[in-house]
Amino acid sequence: MLMDGKELARDIKVKIKAEIDNIKKIHNINPMVATILVGDDPASQVYLNSQVKSYQDLGIGVQKYFFSEEISEAYLLNLIDKLNKDTEVDGIMINLPLPPQINATKVLNSIKLIKDVDGFKAENLGLLFQNNEGFTSPSTPAGIMALIEKYNIDLEGKDVVVVGSSNIVGKPIAALILNSRGTVTICNIYTKNLAEKTKNADILISAVGKAKLITEDMVKEGAVVIDVGINRVNGKLEGDVDFENVQKKASHITPVPGGVGALTVAMLLSNILKSFKANRGII
């Protein structure tokens, strides 16, 4: 079965817009997010454009801050401090990667917890690992969990293999699965005999960024396969999974594009709504 992220993303956006419209009707205020882009990374620009269009569609105001790669860390930290103190800014979005002279961890950790719409602040990730209700999930892992829920896939007692151990996807999704009583194995580029691990997975999640890394012989019959990878090959987008062949064995599989990627912005919008309500004291 194809796991359609586009349809679910549309449904989520409709619900968010309805809630934003209702809050505006009652309180006469709209959410405001500040988005910061340093440098001219093409993938970041594409993601930013997708964000801004969604903000406009849902009635979310946006303050855009674009800087050259030469910007200093001190300047960026000073800007974030001002945005933290601005009561009319509900969320702060840092588009990664940042140039080498800027410590990304330091910058992300400088964002006020209530305004951390990306969920990358160390405090936020700590709350996630504790399964504390106060955490904000990073958007892509949240999208994966939304898809799993939509297709009624029970994680309890399942063997889940996550290929990719980044702070953005791999580690947070592993924590979310653990919180749902799944059994998680995390693999990375140093993992020996990767296929031996993946063939045991009831649910296989790949978030590496290597086209067709996951082949048919690496997948168990009837497994759920979730492809987070986005790779441009000969002008076309491909995932980490050899989709055409793996889909023959998988009970559920996400396409690229149209799977997890479609949900990343939708879940970011959900995080913005959450920060908006918390920042403005709206119950």
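Using N, Cα and C of the backbone, Cβ positions are placed for all residues, glycine too.
Remember, predicted model here, so these are calculated numbers, not experimental data.
Quick look at what Swiss-Prot lists:
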type	residues	note
BINDING	Gly164, Ser165, Ser166, Ile189, Ile230	NADP(+) binding site
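Cβ environment of Ile189 (NADP(+) binding site): Val208 lie under 8 Å away, each six or more residues apart in the same chain. Largest Cα-Cα distance over the residues recorded as binding NADP(+), namely Gly164, Ser165, Ser166, Ile189, Ile230, equals 17 Å. Neighbours of Ser166 (NADP(+) binding site), defined as other CB atoms within 10 A of its CB across all chains, total 16. Each of the binding-site residues Gly164, Ser165, Ile230 was scored by the number of other CB atoms within 10 A of its CB, and the lowest score belongs to Ser165.
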